[in-house]
Each structure stands twice: as C-alpha cells, then as structure tokens.
Number of protein chains: 6
Amino acid sequence: MKRPSGRVADQLRSIRITRNYTKHAEGSVLVEFGDTKVICTASVESGVPRFLKGQGQGWLTAEYGMLPRATGERNQREASRGKQGGRTLEIQRLIGRSLRAALDMSKLGENTIYLDCDVIQADGGTRTASITGAMVALMDALKVLKKRGALKGEPLKQMVAAVSVGIYQGEPVLDLDYLEDSAAETDLNVVMTDAGGFIEVQGTAEGAPFQPEELNAMLALAKKGVTELFELQRAALVD
Amino acid sequence: MKRPSGRVADQLRSIRITRNYTKHAEGSVLVEFGDTKVICTASVESGVPRFLKGQGQGWLTAEYGMLPRATGERNQREASRGKQGGRTLEIQRLIGRSLRAALDMSKLGENTIYLDCDVIQADGGTRTASITGAMVALMDALKVLKKRGALKGEPLKQMVAAVSVGIYQGEPVLDLDYLEDSAAETDLNVVMTDAGGFIEVQGTAEGAPFQPEELNAMLALAKKGVTELFELQRAALVD
Amino acid sequence: MKRPSGRVADQLRSIRITRNYTKHAEGSVLVEFGDTKVICTASVESGVPRFLKGQGQGWLTAEYGMLPRATGERNQREASRGKQGGRTLEIQRLIGRSLRAALDMSKLGENTIYLDCDVIQADGGTRTASITGAMVALMDALKVLKKRGALKGEPLKQMVAAVSVGIYQGEPVLDLDYLEDSAAETDLNVVMTDAGGFIEVQGTAEGAPFQPEELNAMLALAKKGVTELFELQRAALVD
Amino acid sequence: MKRPSGRVADQLRSIRITRNYTKHAEGSVLVEFGDTKVICTASVESGVPRFLKGQGQGWLTAEYGMLPRATGERNQREASRGKQGGRTLEIQRLIGRSLRAALDMSKLGENTIYLDCDVIQADGGTRTASITGAMVALMDALKVLKKRGALKGEPLKQMVAAVSVGIYQGEPVLDLDYLEDSAAETDLNVVMTDAGGFIEVQGTAEGAPFQPEELNAMLALAKKGVTELFELQRAALVD
Amino acid sequence: MKRPSGRVADQLRSIRITRNYTKHAEGSVLVEFGDTKVICTASVESGVPRFLKGQGQGWLTAEYGMLPRATGERNQREASRGKQGGRTLEIQRLIGRSLRAALDMSKLGENTIYLDCDVIQADGGTRTASITGAMVALMDALKVLKKRGALKGEPLKQMVAAVSVGIYQGEPVLDLDYLEDSAAETDLNVVMTDAGGFIEVQGTAEGAPFQPEELNAMLALAKKGVTELFELQRAALVD
Amino acid sequence: MKRPSGRVADQLRSIRITRNYTKHAEGSVLVEFGDTKVICTASVESGVPRFLKGQGQGWLTAEYGMLPRATGERNQREASRGKQGGRTLEIQRLIGRSLRAALDMSKLGENTIYLDCDVIQADGGTRTASITGAMVALMDALKVLKKRGALKGEPLKQMVAAVSVGIYQGEPVLDLDYLEDSAAETDLNVVMTDAGGFIEVQGTAEGAPFQPEELNAMLALAKKGVTELFELQRAALVD
C-alpha cells in the first residue's frame, strides 16, 4: 500500500498551531493539518443562554463554517443560501460536544465561550483540525477569564484533541487528506482526552462494512495520533 | 446494577414491526422499540436528483421528524420554526447513509426512494428504531419496484439494523430507553449488516470518557441486539 | 347517484375515536374518519403569549401537519421546505378558531393549550376530523388542568364537532372521502356546537356556483352528521 | 340598532372603482369601500406554472399585501419578517379561487395573470374590496390579451364580486367597516357571480354561534350588496 | 442633447407632495416626481430598540418597498420570496441615515419613528422621492409628538431633501426619469440639508468612469434641484 | 490634528498584497490594510446566470462576509441567522459593481467569475481593501482563463482600486482605521480606475453635513491613495 501523500500508515501530516492569529478574540489560533487550514477563535461573553440562567454555571458552544472557495469547487455561501447545511450543523455539534468535555461548567462562572472554526483551506480532516485547534484557543480564553477574575475555580478538566483514521486499500492509516479520504473504505473520527479516554468515536463505512478488528486497529492508530497532537498543543501553549 | 426498565443488561425492549401501517406508501411500517414508536414509509419516485442524472443509477434519501408532542415536553414544530434543527438533520443523514449501504444503486434503475421516519412517541432510541423499521419499509418498496419491472437487477446487497448501547452505572447495557439514556455515561449507536459488519459506529461520552475495552463490550452487546433485530425483520417480512 | 364509497347520501364514514393514543400529552386522540387518520394531541403549558400577559386569562392555539406520505403522492416535508404552506396555515387557523369557541378563556387560568393535529393518513376531510378529534383531546387536557387545580372555574362552554358536505353529481352528500371530494362540484366544511349553532361555515364552488337552496340542503346534512359525531365524542369520553 | 357608520342595515359604504390607477400594469384599479382602499393590478405574463405546462390552458393567481401602516397600529412589514402571515395567505388564496371562477382557463392561452391586491388603507372588508376591484382589473387585462391575439376564445365565464355581512347587535348588516367588524358577533364573507350563484361563503362566529335563519338573512343581504357592486363594476368598465 | 423627457438639463420633473394621504399614520404623504409615486408614512411608537434602551433618546428607522407591478415588468413580491433584496436594503438604509440627519435624537424622547416608503409607481428616482416625501411625513409626525407632549425639546435640526443627477449623452442633467436613467453614463444621488451641506453623495459610473469636473457639475445641478425641493416641501407644510 | 494611528493626513496604512494565499481558487489574495485583513478569492465557473444565457458574454459577481470574531465584539454568524444583513449586501453589491467596471464582459466568454471577500480581521476600510485585493485575484483568474483558451479577446479594460477618506477633527485624512472612522465627521469611499476616473463615490455625513470644498479635498486625497495602491497591485502581480 502506498498512500497518495507518501506518508507511512501511522504518520500525521505536518501540523502547525499558530496562536494569536487574529487580534480581537480572547483566543485565536490558526491550525494547519497539512493543507487543511482552520481559524479557530474563542470569544468570551458574560451571561449564559436562557436554559441555563440562574444556575451559576457557564456554557460553551461552537460554530463551523467554510469559506466558499476553501474547496476544489466553489460552494454556495451558506449565509446567502439562508441556512447552514446538515454537514455544517453535524460538525459544529461535534465540536461543541467535544470541547464541552474539556470543561467543568460549574467553574466557568456565568460566561459563554463561543468557538468559531472557519476553514480557509480544506484538504480533508477539517473537523478534527477544528477540535484540535479550538482546544488551544479555548486555553487562551480561559487565561483571559482567569485574569479578569471571572472564574469560580479551575474549569479545565482535561485536554481534548481529534484525528481521523481510515481503511485505505485495506490498511488502517492515520490522518487522511482529501485524496485519501475520497478513496477510503472506512472513515473514523476520534476525539480523545489526554488521559487516553474516548470522547467521540464516529465511524462510517463508505464502501464495504468494517469489522471489529479493523475498528480496533484504527483506534490504536488514532491513539498514537492524538498523543502527538497533545504534545503539539502543549508546545504551542508555551509562551 | 438495576436498569430502570427492569431488563437485564443484554435484553432488547419489546420490539414490534407492523407492515402496511398506512395505505398510500410503497412501504409503510410502524416500528416499536418499547414505547418508542416510529412510522417509517418508503416512497418511490421515478427519476433521480440532478447530480445523478444520466448515470443510470438510483438514489435513496431519508428524512426524519418528530410530532411536537412525541416527547415529555412539547417541542416547537420544525415546520413553523422554519427550519429543521441540527439534531434532526444529523439523524436523517445517518438514516440515509445507513440504508444506502443496503443497496446497490446501479441496480435500482433511475428511481429515488424516500424514507420518511416520523416519531409519534419517543422513549429513547428513535434513530435506531427508525433505521430498523425503514429497512423493512424499504424491502416492501423494492417488491413494488420489482413488480413494476423498474429494477435493473437485485439492488439488495444486505440487510441493516441498528441498536443503541451504553454504559449505565458502569455497566454496558443494550437498547436504552429514555430514562436510561438520560443517566448513561456513554451512548453508542451501532448500525450493522446481517453479515456482521459495521456500517456506522457513533459513540459519545456524556460524562466520563470511555475506554477501549468498554467500547468493545458495548460493540459485543450491539452485535447480539442486531442479530435479534434481523430475526424480527425477517419474521415481519414473511407474508 | 351512486357514491364511490357506496354510502348513502347522509351516511358518515366509519368513525373511530381512540383516547390515550400516545403517552406524553395531556390529551392524545387518534381520530379516524374512514381511511383519514389524524393524531390530535392537547399539550398544556403554563403561561400565555405576550399579547395576553397579565390579563388573567388563558389561550388555545392549534397547529396542523401531514406526514409527507399521508397522501397518494409524497409531499415535500414542510420542515425541510422551510415554511408551512398556505393550505396548512389556513387549516390550523380554522382548527384554532373552532376550538377556542368551545372555551371560556377567562376560566382557563394563565395556561396555554396547544392542539397538534397531525395527519398520518389522508383520505379527505382531514380538517373536520382534526376538529372533531381535537375536541376530545381538549376534554382530557381540561381534566388534567382540573386535577392540578389550575382552572378558575369551568372553561368548557360547549362541545364542537365538524363535518364536510358537498354536492356530488348534483346531490348533497355527507362526509366526502378523497374520491368524492375530488369530483364534487361544491365543498362545504361546517363546524357546529352541540347546541346546534354554527361556528364556521366555509363553502367553495369547485365548478359551477352553488345556490341558496343547495346551501341549505348541505347545512341540514351537516347538522345530521355532527349530531352523530357528538354522540361518538361523548361515548369515547366515557371512561 | 344604530350602526357606528350611521348607515342603514342594508346599505353599502360609498364605493369607488378607479381604473388605470397606475400606468404599467395591464389592469390597474383603485377600489374604495369607504375608507378601505386597495390597489388591484392585473399583470399578464406568457407561460404557465410547471404543473400546467403543455396542457394548452392558462392560469390565474393572486397575492395580497398591506402597507405596514395601512392600519391603526403599524404592522411589521412581511418582507422584512421573512414570511407572509397566515391571514395574508388565507386571503390571497381566497382571492385567487374567486377570480379563477370567473374564467374558463382553456380559453386563456398559455398565459398567467397575476392579481396583486395591496391595501394602502384598511377599514374593514379588505378581502371583499380586493375581489371586487381585482375583477375589474382582470377585465382590463383580458382586453389587452384580446388585442394581442393571445386568447383562444372568450375566457370570461361570469363576473364575480364580494361583500361582507355580519350580525351586529343582533341584526344582520351589510358591508361592515372596521368598528362594526370588531364588535360583530358573526362575520360572513360572500363571493357571488352576476348570475346569483355562490362562489365562496365563509362565516365565522366571533362570539355566540349563529343560527341557520341568521345565515339566510345575511346571505340575502349579501345578494343585495353584490347586485349593487356588479352595477358599479359595469359602470366603471364603460370607457 | 435632447432629454427623452423633453426637459432642459436643470429642470426637475413636475413634483407633487400630498399630505394626509392615508388616515391612520401620524404623517402620511404621497410624493410624486413625475410618474414616480411613493407613499411615505411616519409612524410613531413609544419605546426604542434594545441597543438604545435607557439612554433617554429616540430613534428613527426606515423601510422601503415596491408594489410588485410598480414597474414595467412585474417583480416577485419580497414578502413571498421570503426576503428583501439587496437593492431594497441598500435604499432603506440610505433613507434611514438621511432622515436621522434631520433630527437631534436626544430631543425626541424615548420614541421610535418608522418611515415606510412604498413605491406604487416607479419611473426612476424612487429613493430620492422617498427621502423628500418622508421628510414631510416626518414633520407631521413631529407635530403629533409635540401635541402629545412627548418631546424633550425641538428635535428638528434641519430639513433634508434628495435628488438624482447624471451624465446623459455627455451632459449633466437633473432628476432623471427611468428612460434617462437607463441610458445615463453616470448616476449620482445627492441628499442635502436646507443649509446647503451634503448628507449623502452616492455616484456610480454605469459606463465610462466620471471625472472630478463632471462630479462638480452634477453637484451644482443637485444643489439647484434640492433648493427647489425645499421650497416645495415648505409649501406643502403650510396648513 | 493628531491621527490616532500617528500617520500624517495623506498616509496610507501599511499595505500588503499576498497572492496564492490559498491553493484551490483561480485567484487567491490576502490583502492587508494595516490590521484589516481580507481573503479575496476569484473562482471561475463556466456558464452564466440565466438572465445572460445565449448572449455570448460573461459575468462577474461578488460576495462579502466577515468571520464572527473579525471584530472587537463577536457578531452573530450570518449563516446561522439565516440571512445576510443589509450592510453585507450593500458592500458586496459595491464590490461587484466596482470590479465589473474593470472588465469588458463581451470578451470574457460564457464564464462567471465569483469574487469572495472574507474579512478575517477588521480594523476599518474592509470594503476598500476588498476591492483592491479582489482586483489582484481577478487578474490571476484572467490568466487562468487565458491559458485555458476560454476568453474571446482581452477582457481587462482597466485596473480598479479603492480607498476611504474622511474628515477627522476638521481635516481630510486618508485610509481611516477603525478608531479614526468611529470618530470621523464624514466618511467617503472612493473607487477609481488607473486612468484616474471615478467608478464609485459614496460619502456619508456621520455628524455635521460636509461642504463641496471638503468633498474636493477628500477626493484629491483619495486620488493620491489609489495611485499608490495601483503601484502596490502592479508590484504584487510581478511574478
């Protein structure tokens, strides 16, 4: 098996995490998984959505978007279509759930953190890059909240990171780019904590069904990948 | 561990699959997983969406809805809100992908099958009930197409069925109802083929992250569950 | 004249009213007018819409929907189209006005009752079936409010029921099914009280205009029909 | 009984029908029922909606709107709310059905006539004024089509006109203005042909239910009213 | 150069400003610039939008619309399309900014004035006619507020009026009608105060770019035009 | 007068134009006017909108967006609000008109060019930066079309660039940043051609009206600014 990217099966793409990418947001990160580039900002607002009012806790929510020409063919702008597509909503729900798993909301104070993940160039794995980058933006936003004295303790429970794995030409491979993803038989997105637990596991057979042993092989690859991603996150967070 | 439902850990709810539930659709099934009740209809239209025109193949798509008072509290009607929510879109995309896995589109002729899954009473597991019931409605629609001579071979590749599993009070349990689901630490939806492969695996840690061995225990339970569901589907399909 | 249904001119279809059809709603009825089947739920929420706040009275509103394949040809789902059609809005406004006529809002307390009428199988007369069934669901919801001590007196002023009449092949006929309705020259929907007054009379000439004497003949038939419907409602309400 | 308007029970408001009110439309009428003022335009386009293509017949459709401050309190502009309300849709469906009854579509050629009824000042009876005025605009549009040689015969089957009647302080009255309408116990809109048949009869009990004899008294009043309206239409159409 | 309208280069169309055109609004004006006819109403509501609450000042906002057949070809009704187009939003933003320049919001009390400009017949220059007419409607609304004692001083800072100018066949011309506008090389809309200052200058090269000296010649023409418009506004405001 | 930015009155911010910023689009530019950063992509599609079909010419259209946290406070994502705001539509219409002025559509072949301008960081002048950057992206897209042999001659008529000018503390200043813009009495956006003509001039008095001589002083500044911008565009286009 030869990957189109030339990488070996368990090799991540070149990953870059650039903090303070834009100047207004409390946290702002450009995350690059190879040619996939996502701007992840964390915005802090005081107050919480109506369903949480008066409970003394915080909230975190995420939104996801793609510039119309982030992809090979131009997609219609969702703002001009008048609605977000199903894929967009599915991804932003995943990002929100994943990052909420990083926090203890009761320590956040009555604040809301918005994570905006906007893909400026897509080459496969935008959702996993988004989660991995948003985690770093979130860390910066927490620092701002800490400085403002707006927290009620340490809200960080654990770091999260995400990677895709798949079966490509019968073999499990890590961190698929667009070409690999298009040809993969199975596509699995894995969100993990730095303690090694799973937050989300979402696998889809694109062609033939996959077997339990394939699933386990992919999960092992994912674990190797996120372990490296946690190191890259930590390195990026050193001032 | 005592399940709120009183069931043992690997026990499905009482399942009922009623064919010909309504009279107009080519396939019409009422599927009941305990108190969860979903009307699944399969509608056949000749022609395919624009992106498939002229390729000599068919298509299958799914939509999902809930009556406003299918749940304990009334939800605003999506038609009057003016859009389908993210959860709805996520579920109908899952149903569509799962059922497309059952078919060889090149044998379907230029026909489109719409699977509508409408929950009239919800008690947990509406997406897995929908997939399991829609499979039966799809079989009836295929029979209609066969009679009409509209097929180009046998489109059925395999049966699919789905079940939820979870970790409840530290133990893996099968087919969670609403009460169990609300209290579960982990929620996993599994779509399988009757040959034992996975089509979709979607697991979410609601509280603590889950571990690989928990995942494998849940997958084993799911396999047991869908095996029973395939038998129930087959029994329902005997005229 | 021979009706397609084989019924005599003043004969209702077989009517069935099943209470407690689903388990969550305060009132839940499956109403069947022949092959027309509608789930009518009554949901109680405390509080009233903004325009009534602080006036010490209650409110009742209705929504209507059809499953996409309730009809011979599949209709696009209104939730995915992003709006309710004109026919839907017209019908749900009629249901709401009709059922509000049953109540004295000043006795309802500051509560809102939502009547959801969802057609699962359509064969003509869905609006009149909806009104007739919703009346029974409303009665059950009033009982719940009474038990909760949430009422400020007896809000029930009168029962309402509805039936369609038409001119078919020159003769007035009662309770048209789809085939009869499609061929009728005139279509008249009548909502009455159990004291014999009219709440709504909506007649439309589909072909030739209709004459005053035809109108009166149809109204007489309608009166006969709703008289039977009131008996069926009362019978259904006996515990 | 003394009507707020000072009129006797069977007296129409002062009615004015001004043709050629605006210059672009094939038919353009300002219709005034007292202080109710509606601009009715008839626009001709060649071609028909998709569901009628290739059947060699024409189509007529109507739209209704109100300027935001046509009423005592300003209403939010429907274009900025992003949807037409239920009342608007109900009225424009009524106008469309009523005016379609005036035509034999098979004689219209493959043309579509749009009737736009825009209320610039409202004082009760906007839907009946709209129908009465739109009939005159339609006649002018038919003349244009005739001149163009675009017709396949005479499409006009009959004239239509409409008026409201109601029970005010226990007595039937003709052509209610806003003050009368707000206080009426019953409100009935009647669309008739110049041969004396009914096209639409829509009655609503606002307070107490109404009785058959009241309905007949109102219908007799309506007949007197539309007879006068037909004369006014004819007078307006004399060049 | 001969203008299609036969006017000389610096000649306005025949302008008419009719106050009290409809009866409900606090200010209601029909403004006519030749065949362009716009109904401008000023509606007063107590209270201000959320972003101004508690600041003791007032607000003014504008909305713009066109009847579907105000133009040579029928346009789809924005209310039924479900959104206002870009041109509509651009114009109503311009009207709002222009008229806000007339007022000192701190003297208006916590009141909101809505200016609705609805074009019933279009022949070029609808935005400048709207601004000029809305100014007069606004004056009438201020009188109503004054009578009610709802003001905190004199909110009127200055009168505003607007006119279009353009380069037609190489020459600057004033107040273009539709035919002239369609053929003009440059189109410039100018909003001025009665003290001779500019509020808005919006020029667009439709064909060849325009030069600074052309711009200045057009601005001089505009000044002449608005000077006449201010006289017409003042004349109209004499009771 | 001292500008907040410390610049002299006729000084542009530091301008950077980076080509090939993302990899998929036919033209892709990051344009920076100081801290204002906009990604401008030019996407080529064969075919033209319906209203131009069969006329043998091309089309160019523009869309504009801002990432939610491009600004000091987070703005709601337009895709999730379900519509583009008036400001967005106004700006994208300006960009489209300005760039269409650069081309002779009859030479473009039946191709459509989409210019997407997405602001990733806003600090004033996003519309003028967008136009200036989009011009460069457009040049790259024209090269691609030329290579493909898809043109019918040289479509480029002239370069365009844009800059804002304003009156700040009584003095005309060039290229306002956000702080300056917020405090400016007048704001003027100018789009020019490299031959020195005006394409668009849009001036708004934010406080006091502006006078003709102020307008001319601002236009002179703008001319100086765009002259520098044309040099920067040309420099960026050198391979």
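All positions are counted from 1 along the displayed chain.
Cβ coordinates are placed from backbone N, Cα and C, and glycine is handled just like the others.
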Inset, instruction - Given that TrEMBL annotates B:GLY125, B:THR126, B:ARG127 as phosphate-binding, name the residue from B:ARG77, B:ARG81, B:ARG87 that shares the site. - result: B:ARG87
Inset, instruction - Could you tell me how many residues in the domain 'Exoribonuclease phosphorolytic' (B:11-141) are helical, how many are strand and how many are coil under DSSP? - result: 41 helix, 43 strand, 47 coil
Inset, instruction - Within the same chain, and leaving aside B:ARG87, B:GLY125, B:THR126, B:ARG127, name every residue whose CB is within 8 angstroms of the centroid of the CB atoms belonging to the recorded phosphate site, in sequence order. - result: B:TYR64, B:ILE91, B:VAL119, B:ALA122, B:GLY124, B:THR128, B:ALA129, B:SER130
Legend entry - Lowest local Cβ density (other Cβ within 10 Å) among binding-site residues: B:ARG87, B:ARG127: B:ARG87
Inset, instruction - Tell me, roughly as an integer, the mean pLDDT over the domain 'Exoribonuclease phosphorolytic' (B:11-141). - result: 97
Inset, instruction - Would you mind checking how many other C-beta atoms are within 10 angstroms of the C-beta on B:THR126 (phosphate binding site)? - result: 25
